[in-house]
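A short write-up of the structure that comes next.
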């Protein structure tokens, strides 16, 4: 058998872009949640505890009275119903902070770590109080394999300026009068303090002859609690005022009872007279200075004024107690009732304003909103902080050794100071790539930089040293270039081959269509992905996700979301990877309307890394407003075909069998089919002979028809070959080969595997006729034509000096002319031999009769009656080698054309014949013989 070159032609009329490819839109699962909670804002496939889960973010979910956001875990299985469990992560917080939780938005960011089956979710709007201000530094939570909170991540968090431990040393000796004035002062100043976790703690000692702890630093955690405690403090009394003792007890005991590491230590001493232990005062003050305690001192002069005593020595002692400078730390009042007049001034001196850095130039990390994006890296987690440095943004890092915060100066080269008010939003998205040398580089988007957007590629060491290596810039104002990033390792070798950068708000032809830029491994722009045929708002690129190989070619694919398509119903697009890169024409579009008419913003998030239904294929999760959709994948099948023939050509000279009582030529086609698929699959194929020929020149043995169908079940890599027997009948057309066509398809195309779109599914080959000649492509005939008329002696009839063919009148009375001709083929078979006979319009063709016993037949037909032409086929389809045929042509002069005038001469002519041979591909003129005869009327 000889292998024939096979022409493969796709026979599928069309493959619908929603129902007929990788993702099976007839097999899906919609998990519904609260639209108000924005359930479906993020989705993440996650494995924990030996089970596969879908994590779904609901960033507007409430927890008590707070809108904190939360995460739901939903089992990923094929059951029709799914009960999701809320993880109740809204209670996450930091220790020792006065939490405010202003719309925390847990679930805006969701990142899974397959190494330890943990995941991280962030609430970038998490805020806490600092004095009269509140800061939105953001917070992230790491959740372990058991879905239990394990760690809080907040690299932008900073201690409040009000992180203070304040000890109030209150003189309660007998000379203080009235006591309620002192108590009112104490209550008023406590109400000025920002008491709470992470801010101020207050402890009170009262002294006279001895020292008593009224309450300690960590007894109360709110202003209300402290004030209530202060209302119950009674004057202890005492004959002496032992101020040094009170200071020492507050220093050695008070700051140790609930004192916090790192808190600023402040001591406020209120007394109305000189100390009775003044010799000990110097040592006490030296010890407070050594302990970095800031001293405020208030001298109450009521006792001195009531008795007319000079307070100079007393004031000197109190100023000695107060820290330098005196104008900030020393106060004196005329009596106990005047204490209320210094409350505001004292509070202002103790506390600094929040929200402004020491240079007064604006916010640093206080409003950073860290966790707007997150990405797990080798040694920790990257966190995008879009609000850092006056909304120019930053990228922070949390490792097991602590937080990494690059200085603001690290960004100035790419984010110059003159553009600081533009709000670049660096950290809107963060990711990483791996270079050809195996080095991990970080990537971050700043979609509002200079209004057009920017992406930076950088390194970040754990000492805070950030180095920007490359930058990529957007093209269009407002396109939000860099708001989504997707690194792609297309061949699975661990090296990032492409970086996809989305500009979902890219405006084109009057619509917010969106665009995705494709950069090669050296960050060189290769091209773009876009959906050019959609005349609508799309936000194409609003979400992107690399997914493993879907069509069996070992190259990764990319899914891109377009959540605004179809009037905000949304859609996703699948793009194939290949050896040369990403195919820029999408292979499948899936619109939300195919699942449910009520879906909105389908494609706002997408993730696909796990095989949910255990069929060896990665399945897809897509987020929508109030829903998450699980879409099962369909295995992609490629069918290979090979056709050979026995024998390799049709030999009509050898009729080796009989069908229907006739001798015919029998043949066999060997059809071999193999499969590229992941599983065992049943295919069906249809064999067709002599396609589009009616009647056909060949028929199948099984049914005497042109077609037959078969089913075949194959394993991956298995090849099956079948002999298809057919026979060729006698035909007039030997010049055109017979076409043998095999069309393949799946037995159940609506379920299970799917044929690879664009892969050929029709195998078409031609089997030629053997021409009976030595050459494979053509024959070389040798045709000779002999002819004569029945005029006995034409030369004798001519006038003297005339010759045959000259225009001389021939005197004759006959009206019929007979031409006798003999055609010989002394060479190889002559295919498509024809005789072309033409004559004048006043002659009529009468007949052509074969006169010998040859089996050669001649059939004539009129080609053009007006031109009096006639074509005769000689022994169609071919005239055999070394054969001849004798025939007579009869021509009659038409009587209706005869003139009665003796002076008119009407010429008659016959051209006999133009002999043509169609020899496979060309026309051969063999010879031409002409006889002219003129008849006088």
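Along the chain as shown, the residues are counted starting at 1.
Using the three backbone atoms N, Cα and C, a Cβ is placed for every residue, glycine included.
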Segment assigned the feature region 'Disordered' in TrEMBL (from 617-641, 642-666, 667-691, 692-716):
692-716
Based on Cβ pairs under 8 Å, which of the stretches 467-528, 529-584, 588-648 lies most in contact with the repeat 'FG-GAP' (25-83)?
588-648
Can you count helix, strand and coil residues in the repeat 'FG-GAP' (355-407) using DSSP?
4 helix, 24 strand, 25 coil
Helix, strand, coil residue numbers for the repeat 'FG-GAP' (467-528) per DSSP?
0 helix, 33 strand, 29 coil
